[in-house]
Amino acid sequence: SDGWSARGLVSDGSEAEVEGTLSLQPQANPVRGFDEYFLNLTVENNRRNPWFIEFWEDHFKCKYPNGSRTPYNSDYNRTCTGKERLTQNNTAFENQLQFVSDAVMAFAHALNDMHQELCGGNKGLCEAMKPTKGSDLLKYLRKVDFRGLSGDSFKFDQNGDGPARYNIIHFKEMTPGSYEWVRVGEYMEGELRLNLSEIQFKRDHPRPPESVCSLPCDRGQAKQYLEGESCCWHCFNCTQYHIRSPTDETKCVICPEGTKPNIEHTECLDVPEVYLKYESQWAIGAMALSTIGIITTAFIGLVFIRHNDTPVVKAAGRELSYVLLTGILLCYLVTFVLVMKPSDIVCGIQRFGTGFCFTVVYAALLTKTNRISRIFNAGKRTVKRPSLISPKSQLIICTGLISVQVLINGIWMVLSPPRAIHHYPTREDNLLVCASFISASYMIAFGYPIVLIVVCTVYAVLTRNIPEAFNESKHIGFTMYTTCVIWLAFVPLYFGTGNHMPLRITTMSVTISLSASVTVACLFSPKLYIILIRPDRNVRQSMMPTSRYKSTSGPTTMGNNNTHANDMKKPDSIKLTSLDKPKPPLKSTSTQTTTAGLVNGDALHEDPNLTTKNKSPSEDKSRAKVTLTTSREEKQNCKNLPLIADEIPKILSSTSEKKHQANAEDLKNHKVNQDSVNNNVNTLESVQNTTTSMTNSL
């Protein structure tokens, strides 16, 4: 602080070092009347000041009677008599007392001016000054102009500062061993007055010390010239990541991003460029996994093409299966794009490919699950064939879903073109990456596929209870559940590796490959097992449902037998058999028969002949049953589909004749009433209507 310069604590004990010092001290004059007032104070007449006794004890080095013990008077053995007096000889006053009085006077004048204006000079505070706001008082405080108790005028300048008045003092040796602070000049309101004859830097060398040129600075150091000197300077080291300016030897400049200083801090060197390379361990691991996936996918594709006309491939939906394999292959290929050296083109391919490959996969899966769900939901309500379930319709739906992702990617690339940039997480790192990896905007590419995953998972849950033979929906469900787990693990890993770009890229590529591998394992492994290891199961009978599930329609006639009553509590079922090896038909409805054929895709579409069998149950119970059969010789004949219409009348005639015989036998043996016969006739009419609907659908 500027008020410390003349204090003894600065110079006492360090006179030789402080000698010759020039210092500034705020100029202050004595406050008139204060010395006389203070010298007349005693402990008896100054009770209002609780610290005056401590001052008295310290000043006279005694302990006041009945006074409290303090750390300051504990060393005093003498008791104060009360007759001690303050005098000019034993008391020294601070010159800065003027600043205290000026501050008090400034507030007094400001309050007085405010009172005169707001209260009209009336005594006491008026309502306008209750309470007084500090901002209002400040306006009056800035305008005060008065002469203080020291006799000096006082007012604030435009910056709100008091008058700039300083004494220039000099610490010098007056006589050998005797030092004093001497006033050698003053600074008053912008004007400097200095008595140079009074200044001496050393007693034996009164003249100012001679200037000496500084030594040259070392490499990596800059010069700091002394003020007013052109030949003398101080040298300072350039700090980390700074070098001495090549054009100005007095400055240190920071190296640009992507560079760092050499050892001598004389020039900036480029930080080596870092990006994920093919030979890195991260890339090798990701590419190895993708290579295995590509080989596996290619093998599956060849097997499917080789067995394109077998029931397993047909039941899986050949068109969507090939679309699904294409998407899986793209998922594996994306890894090789992700590990390429970033460029604007590569970044564009990465941005488009990461979301597109997923969209192809999950659009195909969503189309499959949606088709199965619609068929079985429609089968509960009507025998009418649902719309948009043909292979061509499925491809159109799948293409439409994929087109949404293409549109999103196109808009994204127009609004934010892909760029390869240099990223500097620290001054020591220079990463060449695609800009989308830094901003995590790659999640835009995954937004739509995530929606497809969620919807597909919902469909997988809704179709989880369909008949066992149509267990592809269960496989799709396993695929989606596992995929959701993988992606839930991917999100925190992706955002938690922001400063480790190779790991972030590898995490994305491995996640994509794992998602594709899950699809291969859950959907195509069971089919390969049947095609390659169990070809005996690659027949139509294995592709049709054999388990029971709940019936939705079909009339039933009950007898009085308890066995038949128990049978009525069981769900109806359906079974499709071959003419070569007839099997006893199970209880069924027309809706279930149609649903079975629709879910199995084009496998049923190519059956040239449909026949029905009817068998009358015994013990007072009649129930209509339908068995759809096909012969092995006609499996490859797709051109004879119109013959179904010619065969249906024969089927109905045979069924009707056998049914009437059964009814007559029941009437003869068990005396069934006419109502039971009527119910059986109604059942036959329902079967006829169902068969007609199937003919129209096929």
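Note that Cβ sites are derived from N, Cα and C of the backbone, with glycine treated the same way.
Straight from TrEMBL, the features:
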TRANSMEM  282-305  transmembrane segment
DOMAIN    282-547  domain 'G-protein coupled receptors family 3 profile'
TRANSMEM  320-340  transmembrane segment
TRANSMEM  352-373  transmembrane segment
TRANSMEM  394-415  transmembrane segment
TRANSMEM  435-463  transmembrane segment
TRANSMEM  475-495  transmembrane segment
TRANSMEM  507-533  transmembrane segment
COMPBIAS  544-565  compositional bias 'Polar residues'
REGION    544-623  region 'Disordered'
COMPBIAS  566-583  compositional bias 'Basic and acidic residues'
COMPBIAS  587-597  compositional bias 'Polar residues'
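The transmembrane segment (394-415) is not in contact with the transmembrane segment (475-495), judged by fewer than 3 CB-CB distances under 8 Å for residue pairs 6 or more apart in sequence. Averaged across the domain 'G-protein coupled receptors family 3 profile' (282-547), pLDDT for the predicted model comes to 83.
Scored by C-beta pairs under 8 angstroms, the transmembrane segment (352-373) has its highest count with 320-340, from the stretches 282-305, 320-340, 475-495.
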